[in-house]
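Here's what Swiss-Prot has on this protein:
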- 1-13: compositional bias 'Polar residues' (COMPBIAS)
- 425-438: compositional bias 'Basic and acidic residues' (COMPBIAS)
- 448-457: compositional bias 'Basic and acidic residues' (COMPBIAS)
- 1-21: region 'Disordered' (REGION)
- 414-457: region 'Disordered' (REGION)
- 43-75: zinc finger (ZN_FING)
- 261-293: zinc finger (ZN_FING)
Amino acid sequence: MSTVSDPNSSNPPESAGNIRPEPIFREINAEQTDEIVEVESACMNCFETGVTRLLPTKIPFFREVVLMSFKCDHCGHINNEMQSASEIQKSGIRIELRVQSVADLNRRVVRSDNSSISIPEIELEIPVQSQKGEVTTVEGIIERTIAGLSQDQEKRRIDHPETAASIEKYIERLHRLKEVTTPFQVLLEDISGNSFIENPLAPAADPQLKTSYFTRSQQQNEQLGLYEQNHEEQHLLKPIAEDSWPIENLHGEVLQFPTNCPSCQAPCETNMKLTNIPHFKEVVIMATVCGACGHKTNEVKSGGGVEAQGVRFRVQIASREDLTRDVLKSETCSMSIPELDLEVGPHALCGRFTTVEGLLVAMRDQLDGTLFHDSADDATKQQMQRFLDTFEDVMNLKRVITLVLEDPAGNTYVQSLSDDDSEPDDKLTVERYDRSYEDNEDLGLNDMKTEGYEEKA
């Protein structure tokens, strides 16, 4: 095994006693030296010895992956694939793409081994773990299907001519699919939650792309190697008495628990504290500082349950004072700026206690590191740069905007600049609304039985 590195690099070789200066998984950057690992491996075509090159990297706006490229100098066989190196997500992901033009075929697709793909219009279904994970495009998925069906067609025409003719007709349907004479749908479902389809309109919402999350079944968890513990087994930890830790004592207590750094995966400590937000409710504030790479995160989670109604805040931002409002954004809250056609989903930014300016800075920083900065498409890069310039004008108060925060769980709060109820805040509008069926489905409330649950359904 060998590591390909820059011979002119002045960095000393890494030893066992040295702390790694940078995380293993880094975003692709032309100015950084790629740490490519080469491994000798057997060629599956001629069974001679070839070379596999491994590159651990981080896809912006997505997760950590290992890119693998195999080449055999004996027969010329080449194979490329991608393995997910990130943790299995809490929920599975389901992505629906409506392909309406040839340009949609160029959308990037990141799919793991645990993903399945289907195109209902032609009754195509690629089951889970039938193909290796890869970074490809919508057209690449169709091309790979055509290549797979075309294998052994010559032999099949001799041995089973009827089957070969049927497959040939299906291959012709796949070729016609690439012409996009009629719209069709691509459904991508990944039980590990580690798949992704590009949104070329980002940061604006894409009307052709719909993303939803689902809770895995026990069978799907076992398929990923996740097994539930038998709660009937004897536990090593002794149970805590009901009144051992009164809630009043937790308000002045900073609790710590071990975790891993989300940037470099090094072990670190997370501090957690229960606190009260004036004029609102009880929340849990968590902060993590990594001693290895210096990465800092903070997150806020609601200390209460789901409210009876959802809440929608509209904040007009026109002065420096408007940027200083305190904001408690829960993890179920989505944000939008109608003037910029910008929408940020609830999972893009975690729950946090900050200010309006802090929210805008977090949105800008996340957009500034998106997938489009290393894109070969100059038009896409210019489009993103123009949007970032416009966003900078908003930060400098050169444009008046309205920030909309919508939380179906009702656990988000925006500070009012007026303490007198008789003089309402003209720049802040608060609206309570009844949740839709889809909102309750996302919150897991439709399957929750709160009355008569002791009775058999």
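Just so it is clear, glycine is given a Cβ too, placed from its N, Cα and C backbone atoms.
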Beyond the flanks of the compositional bias 'Basic and acidic residues' (425-438) by 6 or more, those residues with Cβ under 8 Å of it:
309-318, 322, 325, 408, 410, 414, 416-418, 445-446
Under the DSSP assignment, what numbers of helix, strand and coil residues are found in the zinc finger (43-75)?
0 helix, 18 strand, 15 coil
Would you report the average pLDDT that the model assigns to the zinc finger (261-293)?
83
For the zinc finger (261-293), what are the DSSP-based totals of helix, strand and coil residues?
0 helix, 18 strand, 15 coil
